[in-house]
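A.B. asks: I have a structure here, written as structure tokens, and I will follow up with some questions on it.
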């Protein structure tokens, strides 16, 4: 029997939703689990390409210790489509994948609260974690007393047009440039915009969504770290769209609600900017299901 786990990529911090909202996309970390009787009392983890292997192993071992079972005779193969350090939740996918892999090979089911508690030991961003687990659009709450996630009941499709630069940007660097204090009017601005964004997503109202993507808490500071932003933002505005950060960057994201329009804008951006930009464009679709498991044979 071979088990195949898929963990989706995620975009967090959408517009004014700093540390509050995450979206899952149809780009995946693939995990293949199979029995291996030739290696007694052993679990082999094989990394097929560059992923956050260390985080996967840490989350896997933490979950095994929590479950308190000692599995053996398994080969675990990892292969990821999600680029590292690009604001697409590669860390969250590795952590969530490690937890679910431990569940499968120990034949144990953990409740959501248990999974979140383990995941948060290695990844402090609940927006990415919740979207990787649940799929769709997730709103999250995390403070000293409360941990809560809620998946929005949205069943329509939309697309994320991403520009992925050819360089990395660490979350630590992206956070270090943020101010420690904010003006009250800027906080109120973000609260109002976030409400408009959520209302627009519920109603599938693209005008409201666009209106709700403005932010004064994190994006104005982080855009300064992304050299392509001024040019790309200007080009996107020609199509009546607005660009936001995916996670803490450096990837940039445009939300689109019509597939044909998304394909046309993608083609125009690639043609117009191919000489000026060294990164790549990628058109992704919302992943409604989150992490999935299938038996291959």
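Just so it is clear, glycine is given a Cβ too, placed from its N, Cα and C backbone atoms.
What TrEMBL records for this protein is below:
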- 83, 84, 85, 86, 87, 88, 89, 90, 91, 92, 93: ATP binding site (BINDING)
- 57-136: domain 'GHMP kinase N-terminal' (DOMAIN)
- 211-273: domain 'GHMP kinase C-terminal' (DOMAIN)
A.B. asks: Tell me whether residue 83 (ATP binding site) sits in a helix, a strand or coil according to DSSP.
C.D. replies: coil
A.B. asks: Would you count the other C-beta atoms found within 10 angstroms of the C-beta of residue 87 (ATP binding site) for me?
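C.D. replies: For residue 87 (ATP binding site), the count of other Cβ atoms within 10 Å is 30.
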A.B. asks: Might you list, by sequence position, any residue in that chain lying six or more from residue 85 (ATP binding site) with a Cβ less than 8 Å away from its Cβ?
C.D. replies: 168, 169, 170
A.B. asks: Find, for the listed binding-site residues 83, 89, the residue with the lowest Cβ contact count at a 10 Å cut-off, counting only other Cβ atoms.
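C.D. replies: Taking 83, 89 as the binding-site residues, the minimal 10 Å Cβ count falls on 83.
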A.B. asks: Look at the binding-site residues 91, 93 and tell me which residue has the greatest number of other C-beta atoms within 10 angstroms of its C-beta.
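C.D. replies: Ranked by Cβ atoms within 10 Å, first place goes to 93.
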